[in-house]
């Protein structure tokens, strides 16, 4: 992101207030890493508005939230030498490049997925390519509508013994996220055919890390591993 | 409220997290989680979403603690910003939209209340209060809607019934006036 030195205070405030477009916010986070003046402006802006954070009435934090946090912490070695650092902010210096490459990769995978599905007797209604925060393709979901859905994992996931990967979709805002099932195998899974409306173009699919047996609440509770939007197979 | 006390301890706790000390993260949780859940809930509305935000935020605090340095502001500001950012990301993913219908119904009372409550509870002795008070009502409201509830320029423009371009420019001017006042 290019910006005038004189606009740094404006940018810092707008970033801190959350008034920026997501893509610009990511660029600012990357620029902060190399621009000390911007970093200082953001820090100063945070401090200015921090008293407003003290105006909320604290709630009682349950012990089970801590248990969930503790259960999903990466090991110490990951902290010392963070592998998981590839979050959106950290590689945002190459943000657009990464996005472009992932988009190309996603198209290729999508094409492969479509060819694969065309060569089979039953076609999925939609195919969704799931991408993680860093923009890497992680899995493909094929949704056949009411009968079943299928997920194919395209990356290695580090799933602790007491965890499982759960697949979700968002058929509509009113319904909220609905579980399509759990991934048992390493490579993929057949998912149960929940009674859902026909999958549509651009429907959201995502996979999260949940406790063994699936989310206790019936809604996603764990970290999102990857997500993507459906494309209708044509 | 424990805000502003033992601030240095948060610095130390982050340094310990960076070394892999889970007890230090637990300490941050014990001290701040209640406040942080409430902060996230003010933005995402639903308690379970707020807890999800705080859960993700604590994992990020853990994996990024080594990046925290004093030139990034106070440890508290850094931690709170992570929670705010996660909550805002969740909004951008559209998940608050589940409650949009309800929110619109409650707009006149419930919504206005969050902003008003924050304004009324803001420490009267703080410079921030003094400087926000010096702004026009509508500018103050716009800034509070953005910071307190995570509204975008477009949402603020829509809710205050002001054209988008105008909204952007007066928020920018108001922020600049605030900086000058607080300098």
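The backbone N, Cα and C atoms fix where each Cβ goes, and this holds for glycine too.
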Residues flagged as transmembrane segment in TrEMBL, choosing from A:77-97, A:98-118, A:119-139: A:98-118
Same-chain residues at least 6 beyond the ends of the compositional bias 'Low complexity' (A:212-223) whose Cβ lies under 8 Å from its Cβ atoms: 68, 72, 162-164, 166, 168, 176-177, 179, 182, 206
Within the predicted model, mean pLDDT of the domain 'Anti-sigma K factor RskA C-terminal' (A:101-224): 78
